[in-house]
Amino acid sequence: MNKKFIFELTWVLCFMAFFVLLKTSVLGFYRIPSDSMHPTLLTGDRILTNKLSYGLQIPLMSTVLFSWGEPKRGDVVVFYLPERKNTLVKRVVGLPNDVISFQKGILSVNGISVSTALAKEFVYKGSSYTKMIEKSEEIPFPAHSILSAQDKGTTFFESRRFIVPPDKLFVLGDNRDHSFDSRSFGYVDKTFVYGKVFRILFSTAENEAFFPDFRAERFFKGIK
């Protein structure tokens with residue numbers, strides 16, 4: 001082998017190693033497959049996740065090397081669900097030792113009902129509900145939008161109280177009545193949190209044409 005080939009091969013291997021490190025420990029890229037986080041995230045959004053938000057993990061493992069932060073209420077996080085062998089995106093609403101409950105569809109954290117304000121009403125296609133309400137939800141979270149069904153009545157979850165165990169999180173989808181979340185699968189171990197979602201890289205909508213529609217208004221859009 002000549003020196004030039006060895007030099008070029010070394011650079012290629014270094015670039016590949018850097019890319020793997022970037023993908024596994026620094027920056028995550030995911031596609032949203034459902035409307036469970038609507039209206040914050042839409043089906044077809046490609047999101048960027050900061051994997052250094054809470055610490056540094058060993059690549060391809062859930063072992064934390066260094067920790068310098070904790071998920072906060074209101075954070076939108078990507079995490080691994082080992083029982084389902086699946087990666088999900090939800091919003092953190094409960095921290096360790098928090099008490100979570102629901103009354104008439106309104107979330108309560110540690111006995112304090114979350115403040116909501118009506119944003120708009122619309123028809124939600126593909127849902128068992130037709131009339132949907134978009135609300136602005138805040139306190140004790142940063143303000144963000146959620147969806148809930150109009151006049152849906154009492155739900156099964158309103159008869160339950162969730163006490164978040166140590167080192168666990170309680171997560172919900174912003175599309176409250178159409179989300180598979182901690183109300184169904186339980187609590188999320190903090191060591192399985194990959195990182196915090198901070199931006200939509202780009203978004204496409206399915207249509208009958210060969211190429212999907214590009215949503216220009218969602219290009220590189222920040223989320224809250």
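The first residue you see is number 1, and the count goes up from there.
Every residue, even glycine, has its Cβ placed from backbone N, Cα and C.
Per TrEMBL, the features are:
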{"type": "DOMAIN", "residues": "11-200", "note": "domain 'Peptidase S26'"}
{"type": "ACT_SITE", "residues": "SER36", "note": "active site"}
{"type": "ACT_SITE", "residues": "LYS90", "note": "active site"}
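LYS90 (active site) falls within a strand segment according to DSSP.
Of the active-site residues SER36, LYS90, LYS90 has the largest number of other Cβ atoms within 10 Å of its own Cβ. Spacing of SER36 (active site) relative to LYS90 (active site) is 8 Å (Cα to Cα, whole number). Secondary structure at SER36 (active site), taken from DSSP and collapsed to helix, strand or coil, is coil.
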